[in-house]
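Below is one structure, written out as structure tokens; comments come after it.
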Amino acid sequence: MEKNILLCRLHIKGMACKYCTSTVEFVLQTSPGVQRASVALATEEAEIRYDRRIVSATQLIQAVEETGFEAILVTTGEDRSRIDLKMDGVLDKRSLMMLESSVQALPGVENVKFDTELNKVTILYKPDQTGPRDLIEVIKSATSGLVNASIYLEADGRDQHRYREIKRYRQSFLWSLIFTIPIFLTSMVFMYIPWLKAGLEKKVFNMMSTGELLRWILSTPVQFVIGRKFYAGAYKAMCRGSPNMDVLIALGTNTAYFYSVYSVLRAATSDNYMSTDFFETSSMLISFILLGKYLEILAKGKTSEAIAKLMDLAPETATLLMYDHEGNVVGENEIDSRLIQKNDVIKVVPGGKVASDGFVIWGQSHVNESMITGESRPVAKRKGDTVIGGTVNENGVLHVRATFVGSESALAQIVRLVESAQMAKAPVQKFADQISRVFVPLVILFSLLTWLAWFAAGRLHSYPNSWIPPSMDSFQLALQFGISVMVIACPCALGLATPTAVMVATGVGASRGVLIKGGHALESAQKVDCIVFDKTGTLTIGKPVVVDTRLLKNMVLREFYDYAAAAEINSEHPLAKAIVEHAKKLHLEENHIWPEARDFISVTGHGVMAEVSDKSVIVGNKSFMLSSYIDIPLEASEILIEEEEKARTGVIVAMDREVVGIISVSDPIKPNAHEVISYLKSMNVESIMVTGDNWGTANAIGKEVGIEKIIAEAKPEQKAEMVKELQLSGRTVAMVGDGINDSPALVSADVGLAIGAGTDVAIEAADIVLMKSNLEDVITAIDLSRKTFFRIRMNYVWALGYNVIGIPIAAGVLFPSTGFRLPPWVAGAAMAASSVSVVCWSLLLRYYKSPKIVGS
């Protein structure tokens, strides 16, 4: 990412429905300097990609708040190396200036910002030059020990807000029940108990009864105190010209309440007017909506549990080893794991968690990496091997040198990747966005038309008086229909249909080592009908070994390998590494120095050439030799054919433009590769292999794993062309590769799956990262996406079907034939239930299980 292009995240408070998110998203998207903005109702967050030269995070917050919502900064995108420290001690202006200059002078410190109200200092720094312990020590030294600094313990702002919101809705609902239950009893239960009915019907003023006065008194605090959040939300929505769910609720409940007030006051001033009140409608409606919102927030909180579990993997403390000048361990110090700095050496005991990404410098053990990669079997670790922070050490003591700390760690990258994925919208969500833009205004209009139609019908006597309940007139009946329509038609379920399912699916995938980069990748994966596999490192283990050597000239084998290894030592290709590793075995010394290679040239996927000592050395495949105008003798050709039939790769070595030998390299096929290809076929997904290896080896591997269509000796750009050709033929193509040589094809494919990514989870080319390097996870990715989109479709069927069926019933379509009418409070309960049901249906994805293939 360009240095000035940052990714900012804001928590947005007050969004009630999809209409709100569309409004905020439009305002952010049209702000100067903003390249992309995405707002999610399920997470109540906005993710903005912006140019900090044009706009700041503060200005983005102001833009959101001008729309009537509250925005809380989660991250500016500048805090990859940021720390908040709490200062304990007395600080005056002079001390602050001295502290700021002292900290700013420290190498690697980029920015220092003090918050005197919270006694907090925020520091941006370069982790390869300084770290949190250095910063704390400088603060302490600069004040002669009068001020101590420590990690500022502040819970995640989003979690704090969610807990407060849950508490607020729970309290509001319980208070509303205290008032609403008596209202419900006096209007719908006590009226059937003779002695209670007589008391409730006793007149207070003229025709106003005790029951009406009691319901008026009880409903007022529900309407204006407990339900004030709906007024505030409706007011802000109308001010910005974007009516939302709050507007519907406020209109519906106020219509019922104020008509009831009018009716009761008229009865109090009349000797013969029999009033009909709807106080139970407004209070019960508010109570059910509060209950629905409470359950919805609880359910939505569970959709992001995967991120919370990932963040909890990091241990709280770490054991820091202290060394003397000669490199001997002289002591241990237990520190907060957040204080680990780059190049620190951490001691990890059996059963303890690895506190930071790094590599082993001493000890042997097995490490359980299942919580990060999903790999169930413990991985052997010894000197030089890398370890991942958050994994569990099984049986031996390890000394680990920290390499990536804080936000640079694999765990932090995974969390960021999953968070970004949960913010990214699936293309199918555009459907809901388009509906939500016009939904609320249309509902208000339809509610008005419903009331007018029923009122006019009553005035014209076009329906029998027997249809009207004894306690109502045609106006009251029409009013009830209009309110029911208004409250039942909330677009919340429609807005939650896609993001909740995507959130759960990406979390579930991450817990299984399948990192899905958002809704677009998820949606594309479920359409895949063709998969292009790379061979080396994808279908095979990716760690080829030399199994045979055939010399065509008289020379010492060790000398032959010295020349070949010297040429290949600068190459990153797996075959080159295999040759170098084999050459090392021919020397007794551990760190053998190879002859100097000059004028090194590498041709990706074909071979290398270099001047080694007194010889011109070329190492590569047959086509590379021919393109270099080197004749291949008949004996060499026969050896190559023989090796190809054995599914081995023959690497030709030429010196001074003459073929001197052939190195036979074998790369074992991954376990269950044949079963995976067979299972994909049962899923109606065609498998194709594209490799830079020779045709003989490619055909042998293809035959063994069950792939019929094979493209061999393909350069990286040819792999991308192959993908494009398949797409032009109408196929939805996935590319599975190692994310390096296969990058062009991964980008070109509808879905790029990077396999064997290890700790490099931030790989840009792929849409999906398979952490375990297991082929079975290709099936998991496709199967999970299909099951996710089945649930998304069912969510839409429910959300739309609910409105298609519910709105006509609320409008009274069944009333003429059956006399059935939907009371507004029942409509409110149904509206709340629809949102909760959509979220709960998405939550069932948490119990997803990967398909079991034969042999796994």
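The backbone N, Cα and C atoms fix where each Cβ goes, and this holds for glycine too.
Feature annotation from TrEMBL assigns domain 'HMA' to 6-72 (among others).
Model confidence over the domain 'HMA' (81-147) is summarised by a mean pLDDT of 79. Sequence annotations record features per position, and here TrEMBL assigns domain 'HMA' to 81-147 (among others).
Look at TrEMBL and you will find 172-193 (among others) tagged as transmembrane segment.
Positions annotated as transmembrane segment by TrEMBL: 213-231 (among others).
Listed by sequence, the residues of this chain that lie at least six past the ends of the transmembrane segment (243-262) yet keep a Cβ under 8 A from its Cβ atoms are 16-17, 19-20, 215-216, 219, 223, 227, 229-234, 237, 277-279, 281-282, 285-286, 289, 440-441, 443-444, 447, 476, 479, 482-483, 486-487, 489-492, 824, 828. Annotation source TrEMBL lists transmembrane segment at 243-262 (among others).
Among the features that TrEMBL reports, transmembrane segment is placed at 282-299 (among others).
Under the heading transmembrane segment, TrEMBL lists 438-457 (among others).
Per TrEMBL, transmembrane segment is recorded for 477-497 (among others). Residues 16-19, 21, 41-42, 245, 248-249, 251-253, 255-256, 259, 278, 281, 285, 289, 296, 300, 432, 435-436, 439-440, 443-444, 446-448, 450-455, 457-458, 468-469, 792, 795-796, 798-800, 802-803, 806-807, 810-812, 815, 821-824, 826-828, 830-831, 834-835, 837-839, 842 of the same chain lie 6 or more positions beyond the ends of the transmembrane segment (477-497) yet place their CB under 8 Å from a CB of it.
The transmembrane segment annotation in TrEMBL covers 796-815 (among others).
The transmembrane segment annotation in TrEMBL covers 827-848 (among others). Tertiary proximity for the transmembrane segment (827-848) is limited to same-chain residues at least six positions away from its ends with a CB under 8 Å from its CB atoms, namely 249, 252, 284-286, 288-289, 291-293, 295-296, 299-300, 302-303, 305, 483-485, 487-490, 492-493, 496-497, 500-501, 503-505, 507-508, 784, 787-788, 791, 794-795, 798-799, 802, 806, 810.
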Chain residues in Cβ proximity to the transmembrane segment (172-193) (below 8 Å; excluding those fewer than six residues from its ends, i.e. six or more beyond): 200, 211, 214-215, 218-219, 221-222, 226-227, 229, 277, 279-280, 283-284, 286-287, 290-291, 294
